[in-house]
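K.L.:
One structure, pasted below without further comment.
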Amino acid sequence: MSKRDYYEVLGVGRDASEREIKKAYKRLAMKFHPDRNPGDKAAEASFKEVKEAYEILTDSDKKAAYDQFGHAGVDPNRGGGGFGGGADFGDVFGDVFGDIFGGGRRGGQRQAARGSDLRYNLELSLEEAVRGLTKELRIPTLATCDLCDGSGAKKGSSPTTCGTCHGQGQVQMRQGFFAVQQACPTCHGRGKIIKDPCGKCHGEGRVEKSKTLSVKIPAGVDTGDRIRLSGEGEAGEFGAPPGDLYVQVTVREHAIFVRDGNNLYCEVPISFSTAALGGEIEVPTLDGKVNLKIPSETQTGRMFRLRGKGVKSVRSHAVGDLLCKVVMETPVNLNDKQKELLREFDNTLTGSSKKHSPKAEGFFDGVKKFFQDLNS
C-alpha cells in the first residue's frame, strides 16, 4: 500500500514552518498515543505514521530530499517507483548523465544502521514528581554481542569481501537506456559477507538482553515531560552508534491535590460556625500541615493562596503556590436539641435577611423583578 503524503499526515501545508509542524505533531501524537488508545490497532498505526512524518519533516536534509523526490528520496531501502529494481531518482539521473559525460556518481556500500531509539513509560506519584528521585529501570534491548564484539563473525574469523559487488555494496543493472544501481542482493548492501557466523548472535552482531539503569528524575517533572538518555537505546548494527532511550513521564492523579503547571489546588471543608465567626484550620501541603486563618463571614468557594507551597519549576527556580478553596459543610445527623437551636437562630434573622444574607436578598429581589417585568 502506498504511503500518504507526509504533509497530509500532519495536516499542514508544504510551506509550514518547523514550529507549525511540531505543533501539529504534538496534537496528533496525543490523539493517537497508544496509552490513550489501548488495544486500538488503527490508532497505533496512525501514531507510527504521524511519528514517521514528523521525523522526516523536522530533519532539514531528509525534508529537502522528500520535497524533491517524495518518498523515494527518504526510503532507507532505496525502494523506487516505476523505474523498477529498487532505484531512486538520484541513481537514475546520476548514472544516465555519468554515462554521457564520463564518470558519474558511483554508489557506495550501505552504512550499518544506527541503533533504534527506545521509549520507557514511567509512572510517578505526585510526591515523586515534585521532589525528584532516582529510579532503577529495567530495559529490554538489543545489545552488542560480547562474543564477537558486534562483528557477527565467529571468534577468530572476520567478514569477507562480497564476491558479487566486490565490496561496493551495490550492483549495476542496465534497463534499456538507463543504468540503474541497486543494493547487492548477496550482501544486502553491506559489501561484506559473514561466512562463519558467531554462534551466539547468529551473524547479527546483536543479542536480546535486559539492562538496569539508574535514572535521575529531576524535581518538578510533569506528565508529558521526556528525559533523554543518549546512547542507552539499542546497539547499532555491526559497530554503528547506539540509539537513545527516552523516558516518558506520567504523573498519577492525587487524592487531595490537582496540579496545574507549578500551582497546586485543593478543597478544604470548613464548618458553618468557622465560616461565620472565623477561626484557624489546618491545611495539608506536600511538606506537611500548615495553619490557615479563616476570616469571619467567609463564603463557601472562597480561594486562599499559600505562596511558595506549590511545585518548584523543573526549568527555573520559580516555585508555584497552593490555592485552597474552602467549602462550607452543612451539619448532618443533628439531634433534637441542635435542631431546636438552629431554628431559634434562624428566627433571630427573620426580617433582617438583607443585613445577614445580602447575596440571597439580592437574588430574590432580582427574581421578583424578573416576574414583574414578564407580566407587565
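Any Cβ shown, glycine's included, is placed from N, Cα and C.
Sequence annotations record features per position, and here Swiss-Prot assigns Zn(2+) 1 binding site to Cys145, Cys148, Cys198, Cys201 based on sequence analysis. Taken from Swiss-Prot, the feature Zn(2+) 2 binding site covers Cys162, Cys165, Cys184, Cys187. Swiss-Prot lists 5-70 with the feature domain 'J'. Residues annotated as repeat 'CXXCXGXG motif' in Swiss-Prot: 145-152, 162-169, 184-191, 198-205. According to Swiss-Prot, the feature zinc finger maps to 132-210, an assignment based on sequence analysis.
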K.L.:
Counting only pairs at least 6 apart in sequence, do the repeat 'CXXCXGXG motif' (162-169) and the repeat 'CXXCXGXG motif' (184-191) share 3+ Cβ pairs under 8 Å?
P.N.:
yes
K.L.:
How big is the gap, in Å, between the Cα of Cys162 (Zn(2+) 2 binding site) and that of Cys198 (Zn(2+) 1 binding site), rounded to a whole number?
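P.N.:
One finds 18 Å between the Cα atoms of these residues.
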K.L.:
Reduced to three states, what secondary structure does DSSP give Cys162 (Zn(2+) 2 binding site)?
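P.N.:
The residue in question, Cys162 (Zn(2+) 2 binding site), is coil (DSSP, three-state).
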K.L.:
Tell me the Cα distance separating Cys201 (Zn(2+) 1 binding site) from Cys165 (Zn(2+) 2 binding site), rounded to the nearest angstrom.
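P.N.:
Rounded to the nearest whole number, the Cα-Cα distance is 25 Å.
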K.L.:
Using the alpha carbons only, what distance in Å do you get between Cys198 (Zn(2+) 1 binding site) and Cys184 (Zn(2+) 2 binding site) once rounded?
P.N.:
22
K.L.:
Looking only at C-alpha atoms, tell me how far Cys187 (Zn(2+) 2 binding site) is from Cys201 (Zn(2+) 1 binding site), rounded to the nearest Å.
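P.N.:
Cys201 (Zn(2+) 1 binding site) has its Cα 18 Å from the Cα of Cys187 (Zn(2+) 2 binding site).
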K.L.:
Please list, in sequence order, every residue of the chain apart from Cys145, Cys148, Cys198, Cys201 whose Cβ lies within 8 Å of the Cβ centroid of the Zn(2+) 1 site.
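P.N.:
Neighbours within 8 Å of the Cβ centroid, excluding Cys145, Cys148, Cys198, Cys201: Asp146, Leu147, Asp149, Gly150, Ser151, Gly152, Ala153, Pro197, Gly199, Lys200, His202, Gly203, Glu204, Gly205, Arg206, Val207.
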K.L.:
Please report the DSSP secondary structure of Cys198 (Zn(2+) 1 binding site), reduced to three states.
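P.N.:
Once the DSSP labels are grouped into three classes, Cys198 (Zn(2+) 1 binding site) ends up as coil.
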K.L.:
Using DSSP with the three-state reduction, classify Cys145 (Zn(2+) 1 binding site) as helix, strand or coil.
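P.N.:
Coil, per DSSP.
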